[in-house]
Amino acid sequence: MKGILSHEEADKCLDVLEETYPDAKCELEHKSPFELLVATILSAQCTDVRVNKVTEEMFKKYNKPEDFANMDIKTLEGLVKECGLYRNKAKNIKASSNVILEEFNGKVPETIKDLMKLPGVGKKTANVVASTCFGVPAIAVDTHVFRVSNRIGFVSENNVEKTEKALENKIDRKRWTKAHHLFIFHGRRCCTARSPKCQACPIKDFCRYYEET
């Protein structure tokens, strides 16, 4: 029976995933760090496809912190309603915009620590923005990263925080950001939550779930 992957096995598994998904990247459409911040806030419990549909129109007119800081909250709620949890998301976007203007000279902060000072921005959102826009090595653990990394056997943890720490220990720092995108691509295209496509999986030889089922 397969156990947890060794560092060497994890490296080889990532090599195969890189060959399989050479285009793996952040799928939230954005043209600036601020746009990605807004899109990532909106992506909580919402698909990237739906977020992109909403932001495609919204960002044509509103794409800077001052646009949202000065916006009537009801107007903002209407703009993001399709993304679900819209009242909370609108409140956090408006509040974060104000903090960016007041404490960070109108620029999205570049470190994970400073990003987490923004209202509604947790570790996952901070990791996404810092790694994608500012080159900070990070593994943002969303539902796909959590499922895929634990299912395959990169790690064996029962929550997001432990999974992130275990993945950081298992994977070379220089591969953290790429690994995050690879897990998401694999989770969306093959290693789905229900009825994963195990027979067609390019990394089934590494996978403890495949062996067990």
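Glycine is treated like the rest: Cβ placed from N, Cα and C.
Look at TrEMBL and you will find CYS191, CYS198, CYS201, CYS207 tagged as [4Fe-4S] cluster binding site. According to DSSP, CYS198 ([4Fe-4S] cluster binding site) sits within a helical segment.
Residues or ranges marked as domain 'HhH-GPD' in TrEMBL: 42-189.
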Q. By the DSSP assignment reduced to helix, strand and coil, which category contains CYS191 ([4Fe-4S] cluster binding site)?
A. coil
Q. Setting CYS191, CYS198, CYS201, CYS207 aside, what same-chain residues sit with their Cβ within 8 Å of the center of the Cβ atoms that define the [4Fe-4S] cluster site, listed in sequence order?
A. ARG151, ILE152, CYS190, PRO196, LYS197, ILE203, LYS204, TYR209, TYR210
Q: Counting Cβ neighbours within 10 Å across all chains shown, tell me which of the binding-site residues CYS198, CYS201, CYS207 comes out on top.
A: CYS207
